[in-house]
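*Asks:* Would you mind keeping the following structure in view while I ask a few things?
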Amino acid sequence: MYASREDIGYDFGDDSKVESKPIKPNPNIDGGWAWMIVFSSFLVHILIMGSQMALGILNMEWLEEFNQSRGLTAWVSSLSMGITLIVGPFIGLFISTCGCRTTAIIGGILNALGWILSAYASNVHYLFLTFGVTAGIGSGMVYLPAVVMVGQYFQKRRALAQGLSTTGTGFGAFLMTALLKYLCTEFGWRNAMFIQGAISLNLCVCGALMRPLSPKDLREKYVVRSDSEENREKALSHSTETIKSNGVLSEEPEKKEEAANEEVLGSVQHTEIGGKSGSGRSLYGLRILKTVSQLTVTVRKGFALWYSSYFGAASLFTNRVFVAFIIWALFAYSSFVIPFIHLPEIVKQYNLSRQDNVFPLTSIIAIVHIFGKVILGIISDLPCISTWNVFLMANFTLVTCILTLPLMQTYVGLAVVCALIGFSSGYFSLMPVVTEDLVGTKHLANAYGIIICANGISALFGPPFAGWIYDITQKYDFSFYIAGLLYMVGIIFLLIQPCIQKKQSREKPTEEAQV
């Protein structure tokens, strides 16, 4: 659903050693195995994002099985959706340490385990742990490598590759809705989750397809400036000074520990050369110590890179427009997620199940969402059109649909509103561009990661809040009205802050001239 962090200038690899010499292009860049990476990412979007958009089917089954409130039951779905996005920045630590392939395979196992264990749930709280947390973390560990690897393998055709891979979300929502509905009808929801867990093991296959690029391949893709190493050192020193001011870490102990690690490695190598005179047991212990030391160095380097990437940009929060963008993100994504979770039950209350079984409303949102992303992207690329204006118009359309959805009580009316929701939510493809306009290219990677986290928080609290409102009023109408009004508040922040900033920028030269 989101663009890759590679698309916005984020690289989990260590590019400090990359030379600036142009090298003969590798056939796997923008071609060859790169299309297998796109196929792998496409399947990941189907199995993860598509399955999450179809959770409304299981939400109905859980309500009937456990007889809990709608607010409490909705936490199961929202935990899975929210955690998938919230853990993104922290999964970067695993990627920088273990690589995308290993991270994705481990995530696939966790995701499948979460589905399978959920089949034996005895209460909703059990599902919080197995499906919400376990499957959610597993989804995040697969989703992020999937979008990162596409960015690593493509340079010229990156937009096309990302567009093809992210369409898996729409296709997945359509396919998984039909699949889960069929499995629940034929085998019951417990067996359906068990079968879905077995299907989710294919995420491990998708992870295995994520063949890492060698340093040689990375040289062929990137043309690095001569001062890249100097910039990396500045970033690392900035993050180290920040930690030092908080009393967490200082530069001297780090240097001492690195020296100690080198001393240990040197002593082990020396011992291995003259190991014939030593005992086998002591030599084995030294080899273990060597391995642990090497692992410690790798983890510390990965943590330093991860910390400087996500927490070394405190200046972002001095940008008022970006802060307004974060506030918008906290309210926006829930308005897109709430219909997927609660629409199946709304259809049941309106006695529209027969029409919805023929063509589910959530499937309409999913399919039109695909076209929305493509068409809005094409429109925003036109030279006479502002991406910011397209972004705002899409948001206004979406919030209008959320506010008018409770007024529709026929299948045709709901289908039209759902189609508009799917099309207008295509603005997700514009989020990296808008973020770059707000913070610039230098801080784009960090800013985009923060926005994704804010969307994750929105997905985490949105569906339970809507269910809680229903428990109080016995209607979903107020759930959509309140979600729409909060969404409108976020849009108003987006409108006000740029105007204030422009006014301040105009007043500044006048004040300087007077001085």
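Backbone N, Cα and C atoms are what each Cβ position is placed from, and that goes for glycine too.
What TrEMBL lists as compositional bias 'Polar residues' is 237-248. Summarising the annotation, TrEMBL assigns domain 'Major facilitator superfamily (MFS) profile' to 37-502. Among the features that TrEMBL reports, region 'Disordered' is placed at 229-256. If you look up TrEMBL, you'll see 33-55, 75-95, 102-120, 126-148, 160-180, 192-210, 321-341, 361-379, 386-405, 411-434, 446-466, 478-496 marked as transmembrane segment.
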*Asks:* Would you say the transmembrane segment (75-95) and the transmembrane segment (126-148) are touching, if the rule is that at least three C-beta pairs must lie under 8 angstroms and be 6 or more residues apart?
*Replies:* yes
*Asks:* With pairs 6 or more apart in sequence, are the transmembrane segment (321-341) and the transmembrane segment (192-210) linked by at least 3 Cβ pairs under 8 Å?
*Replies:* no
*Asks:* Quick one: do the transmembrane segment (160-180) and the transmembrane segment (386-405) have at least 3 Cβ pairs under 8 Å, skipping pairs fewer than 6 apart in sequence?
*Replies:* no
*Asks:* Where else in the chain does the transmembrane segment (192-210) make close Cβ contacts, counting only residues six or more beyond its ends and a cut-off under 8 Å?
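*Replies:* Contacts of the transmembrane segment (192-210) (Cβ under 8 Å, skipping residues fewer than 6 from its ends): 36-37, 39-41, 43-44, 47-48, 51, 58, 100-105, 107-109, 111-116, 118-119, 131, 138, 142, 145-146, 149, 179-180, 183-184.
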*Asks:* For the transmembrane segment (386-405), give me same-chain residues lying six or more residues beyond its boundaries with a C-beta closer than 8 angstroms to one of its C-beta atoms, as numbers and ranges.
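*Replies:* Sequence-remote neighbours of the transmembrane segment (386-405) are 328, 332, 335-336, 338-339, 372, 376, 379-380, 414, 417-418, 420-421, 423-427, 430-431, 433-434, 437, 480-481, 483-485, 487-488, 491, 494-495.
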*Asks:* With Cβ-Cβ distances below 8 Å as the criterion, list the same-chain residues six or more beyond the ends of the transmembrane segment (102-120) that contact it, or say none.
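*Replies:* Tertiary neighbours of the transmembrane segment (102-120) are 44, 48, 91, 94-95, 126-127, 130-131, 133-146, 190-191, 193-194, 196-198, 200-208, 210.
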